[in-house]
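Asker: One structure, pasted below without further comment.
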């Protein structure tokens, strides 16, 4: 029978060096809170319960997680006094099952991988396992001291290390997998008899060794998995490290970046082969790119699906839209939520489309607003066409059937329908339905005054 798994996330720190009114764990990395990264990762495992220890800004932290992770059963425990990591875990004991095991994680160490946590859990065969790392410069970090047989016997802090111990390059990450029975046994015994007068979680290691427990240690695949965030410089550095990892994975899948250091992925991005991404492009949420997609500079693409062989020109914003194959977009186009562009359609410069469907091969080339509309196949929408969809209270639909032609600078006042192969003359204001194959115009008749003289200054 598999042992039950609890996750304890320590998220009580203020993050004074961030100089922010927002709790440190709510600072964002790749478009997601630091705490959100930890929750998403650990819940790729089979987790029975999650306990989050909160402190400074606890209401903000709870509100954020309740909104973003309402589907997760989370137990909240307050650490009213910041008395060290050992104390932070100790306050969870009233909520922690007596059996099973717990992963102890940190809300400001966001990039530990699911694979690493699974390996750490599997390594816990005698009551405790821990995540360590061998580094070139261990100064200031707790060293892992081993006996002559290679077993862990203690964690030595920098200030307590002798000259030999200071040469040790294996350091403690602070991430553990521990049997709950041992946590219930050891944590009440922690002492704050030290210079900082804090309760150190690392003290449970020497307690376990004294009980004859063999502590397993594993190392993560990447150094950044154990990097914490204490200030904005560290946050920015970790952001670039993570972006580099995301970009490298996409390059291996066949995506070409004009400059891998000048793109941001703030969510998940999957892409087909022979995709090109120019500089300054930002992806947010869940984005999917087909094969041979070409994205030029400065575009923002959020929660969108882009079909094969699409060309997105500079400075387009695409938000929660679905784009078919062979579509041309932009430059400076704005696709708002619930927009669908069918295959081989075209949306040109300074066009805004909201909650509308553009049919196969249809074109909205210049300076138009299309909202709450259904446009058929082979339709041409001229420059400056506006669908007037809002009367101040209600939104109404505009329907344009196949092969219609809408002349430039026309206003279509919804609700209205333009029939199949109908033509709307340029400059018209259309307030009534237009029959199929008809020509409709609604504008003042042109008059002309010959020999007209302009006013002159007196």
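Glycine is treated like the rest: Cβ placed from N, Cα and C.
So Swiss-Prot lists the following for this protein:
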- 1-232: region 'Pyrophosphorylase' (REGION)
- 108, 230: Mg(2+) binding site (BINDING)
- 233-253: region 'Linker' (REGION)
- 254-458: region 'N-acetyltransferase' (REGION)
- 366: active site, proton acceptor (ACT_SITE)
- 383, 389, 390, 408, 426, 443: acetyl-CoA binding site (BINDING)
Asker: Counting other Cβ atoms within 10 Å, pick out the least crowded of the binding-site residues 230, 389, 408.
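Answerer: Fewest other Cβ atoms within 10 Å, among the binding-site residues 230, 389, 408, is found for 230.
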Asker: Could you tell me the C-alpha distance between residue 389 (acetyl-CoA binding site) and residue 108 (Mg(2+) binding site) in angstrom, no decimals?
Answerer: 47
Asker: Can you tell which of the binding-site residues (383, 426) has the fewest other C-beta atoms within 10 angstroms of its C-beta?
Answerer: 426
Asker: For the region 'Linker' (233-253), what are the DSSP-based totals of helix, strand and coil residues?
Answerer: 20 helix, 0 strand, 1 coil
Asker: Could you tell me the C-alpha distance between residue 390 (acetyl-CoA binding site) and residue 366 (active site, proton acceptor) in angstrom, no decimals?
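Answerer: Computed Cα spacing between residue 390 (acetyl-CoA binding site) and residue 366 (active site, proton acceptor) is 21 Å.
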Asker: Per 10 Å Cβ neighbour count, which of the recorded positions 366, 443 ranks highest?
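Answerer: For the recorded positions 366, 443, the Cβ with the most other Cβ atoms within 10 Å is 366.
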Asker: Starting from residue 366 (active site, proton acceptor), work out which of the binding-site residues listed here (108, 230, 383, 426, 443) have their Cα within 10 Å, and give them in sequence order.
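Answerer: Cα filter at 10 Å returns 383.
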Asker: Over the residue list 383, 389, 390, 408, 426, 443, recorded for acetyl-CoA, what is the maximum interresidue Cα distance in Å?
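Answerer: Site span for acetyl-CoA, by Cα atoms: 22 Å.
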Asker: Fewest neighbouring Cβ atoms within 10 Å: which of the binding-site residues 108, 390?
Answerer: 390
Asker: When DSSP states are folded down to helix, strand and coil, where does residue 230 (Mg(2+) binding site) land?
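Answerer: Reduced to three states, the DSSP call for residue 230 (Mg(2+) binding site) is coil.
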Asker: What is the interatomic distance between the Cα atoms of residue 383 (acetyl-CoA binding site) and residue 108 (Mg(2+) binding site), given in whole Å?
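Answerer: Roughly 51 Å, rounded to the nearest whole number.
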Asker: Quick one: Cα separation, residue 426 (acetyl-CoA binding site) versus residue 108 (Mg(2+) binding site), in Å?
Answerer: 59
Asker: At the Cα level, what's the spacing in Å between residue 108 (Mg(2+) binding site) and residue 408 (acetyl-CoA binding site), rounded?
Answerer: 55
